[in-house]
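Enquirer: Input: one structure, supplied below.
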Amino acid sequence: MAVGVFDSGLGGLTVLDAVARELPEVPFVYYGDNAHAPYGVRDADDIFALTCRGVERLWDEGCDLVILACNTASAAALKRMQETWVPADKRVLGVFVPLIEALTERQWGDNSPPREVAVKHVALFATPATVASRAFQRELAFRAIGVDVEAQPCGGVVDAIEQGDEILAEALVRSHVEALKRRMPRPEAAILGCTHYPLMEGTFRAALGPEVRVFSQADLVAESLKDYLARRPEFLGPGRVSRFLTTGDPQRVSDKATQFLRRPIRFEAA
Ligand code: DGL
């Protein structure tokens, strides 16, 4: 009854931790495409091809349901995958919609017309590809009116995290927050729209200040997955074993994962 969790690299581990906490009885298989990270600077065709390859590998592990724990893949590839590629007996879900439902105070599947919501000024931090896709703004516009979104493409942050360079990652986060605040001095809410960024959450929060509400994507995705599996238990696949797979060097990736999550994690070659 395993579920797959896909990311370009280490960031999806923030989602994996949250879903494993919410569903302790479910085995999860993680796939990090570390050899090809970062995705945020790649074009949509490239992201589509790499994401499909990773998802297929997770299907081979008996995971009929795969979470794209990657905003870049969710923004640039998921719609095309669902429309042209995913067979009827499999599911691939993204990480965007639970976040936007929380921001717009909606229950799952509430497709009523867009309406005014409490939050008016939202800062979005994401990879260059996610920002360029405008997928966040598109999904938000289906559900809310009158929300001003200022998006900051955070070039370099995923790369620094994947290299294990926390000092560089912190410096980049601070400069991206400053750049955003020059354009939107008083955001009410901030979205960390890349699953790598919670690894730097303390730095984001310190730079944003205590009055900005930071939405935790990982927890929202975990709640949403629990709800989904209660409604569609048939998508708990036949897999029985939790594993961590990487296209990168397993030892190196294990070391970085252990460094960032502060607990031992052992990756195997995908
Ligand atoms: N964790 C991925 C995301 O959520 C990072 C993408 C990348 O590799 O640039 O967007």
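For all residues, glycine too, the Cβ spot is worked out from N, Cα and C.
Worth saying up front: this structure is predicted, and the values here are computed from it rather than measured.
Okay, these came from TrEMBL:
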BINDING   ASP7, SER8, TYR39, GLY40, ASN71, THR72, THR195, HIS196  substrate binding site
ACT_SITE  CYS70  active site, proton donor/acceptor
ACT_SITE  CYS194  active site, proton donor/acceptor
Enquirer: Where does THR72 (substrate binding site) sit in DSSP terms: helix, strand, or coil?
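Expert: Helix, per DSSP.
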Enquirer: Round to a whole number and give the Cα-to-Cα distance in Å for the pair CYS70 (active site, proton donor/acceptor) and HIS196 (substrate binding site).
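Expert: CYS70 (active site, proton donor/acceptor) to HIS196 (substrate binding site), Cα-Cα distance: 8 Å.
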Enquirer: Over all pairs within ASP7, SER8, TYR39, GLY40, ASN71, THR72, THR195, HIS196, the annotated substrate binders, what is the largest Cα to Cα distance, rounded to whole Å?
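Expert: It comes out at 12 Å between the most distant Cα atoms.
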Enquirer: Fill in the CA-CA distance, ASP7 (substrate binding site) to CYS194 (active site, proton donor/acceptor), as an integer in Å.
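Expert: Between the alpha carbons of ASP7 (substrate binding site) and CYS194 (active site, proton donor/acceptor) there are 10 Å.
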Enquirer: Applying a 10 Å Cβ distance cut-off over all chains shown, what neighbour count does THR195 (substrate binding site) have?
Expert: 30
Enquirer: Between the Cα atoms of CYS194 (active site, proton donor/acceptor) and THR72 (substrate binding site), what distance do you get, rounded to the nearest Å?
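Expert: So the Cα of THR72 (substrate binding site) lies 7 Å away from that of CYS194 (active site, proton donor/acceptor).
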Enquirer: Around the substrate site formed by ASP7, SER8, TYR39, GLY40, ASN71, THR72, THR195, HIS196, list the extra residues of the same chain whose Cβ is within 8 Å of the site's Cβ centroid.
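Expert: Close Cβ neighbours, site residues excluded: GLY9, GLY11, GLY12, ALA37, PRO38, CYS70, ALA73, THR127, THR130, VAL158, CYS194.
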